[in-house]
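Asker: Straight from Swiss-Prot, here's the annotation block:
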SIGNAL    1-19  signal peptide
CARBOHYD  Asn42  N-linked glycosylation site
DISULFID  Cys79-Cys172  disulfide bond
CARBOHYD  Asn124  N-linked glycosylation site
Amino acid sequence: MKSLLLTILLLGLVAVLKAQEAPPDDLVDYSGIWYAKAMVHNGTLPSHKIPSIVFPVRIIALEEGDLETTVVFWNNGHCREFKFVMKKTEEPGKYTAFHNTKVIHVEKTSVNEHYIFYCEGRHNGTSSFGMGKLMGRDSGENPEAMEEFKNFIKRMNLRLENMFVPEIGDKCVESD
C-alpha cells in the first residue's frame, strides 16, 4: 500500500515539474506588437526601396502554430497595411509564406524579448531575395541585441554595409 501511495505521489511530482518546464522553442508565443530595431538585406534591395521609417508589426497566433502578421508601411504618400500568414513548418522556428515562395526563419537571441526574423526566397519569381530584421517587443535601443544581430549578419555571409537602422514610428498617419 505504501509503495502504491509513493508511486502516485512521485508521478504527481513529475507531472508538476513537467508543467513548470519552459515550453519548447516551437511553442513560443510570438503574439503581440514587435518593433524592427535593425534590418539587413542580401544586396538585392534597391536603395529607393530601403525604408527610412518603419512601424510596429502585429503578430497574432493562429491555430496549428501559424502566425497572422500585419505590416504597415509608407508608400507613395499613403499608409499601406499588408497582412499575410506565416505557415508553421515541422522545423521549429521555420515558417513559409506567399504560397511557399518565401521561407521565414525566427531565431531567438540571448537578449530577452528579442528575435531575428530572416526571410528568403525568390522576388517576383526571378532574383534571390533575403532580408533580416532584429525585432524586439519594445522600441528602445539595445546594444547587446544589436551586437548579436551583427554576428548573425556575419554568420549568414551578409554584408554589414547592407545593415540599416530605420526610424521607428508609433503609427502611420497620412498628412493632408
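Every residue gets a Cβ built from N, Cα and C, even glycine.
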Asker: Given the disulfide-bonded residues Cys79, Cys172, which one is most crowded in terms of C-beta atoms within 10 angstroms?
Answerer: Cys172
Asker: Counting across all protein chains present, how many other Cβ atoms fall within 10 Å of the Cβ of Asn42 (N-linked glycosylation site)?
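Answerer: So the number of other Cβ atoms within 10 Å of Asn42 (N-linked glycosylation site) is 18.
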Asker: Provide, as an integer number of angstrom, the distance between the C-alpha atoms of Asn42 (N-linked glycosylation site) and Cys79 (disulfide bond).
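Answerer: Answer for this pair: 26 Å between alpha carbons.
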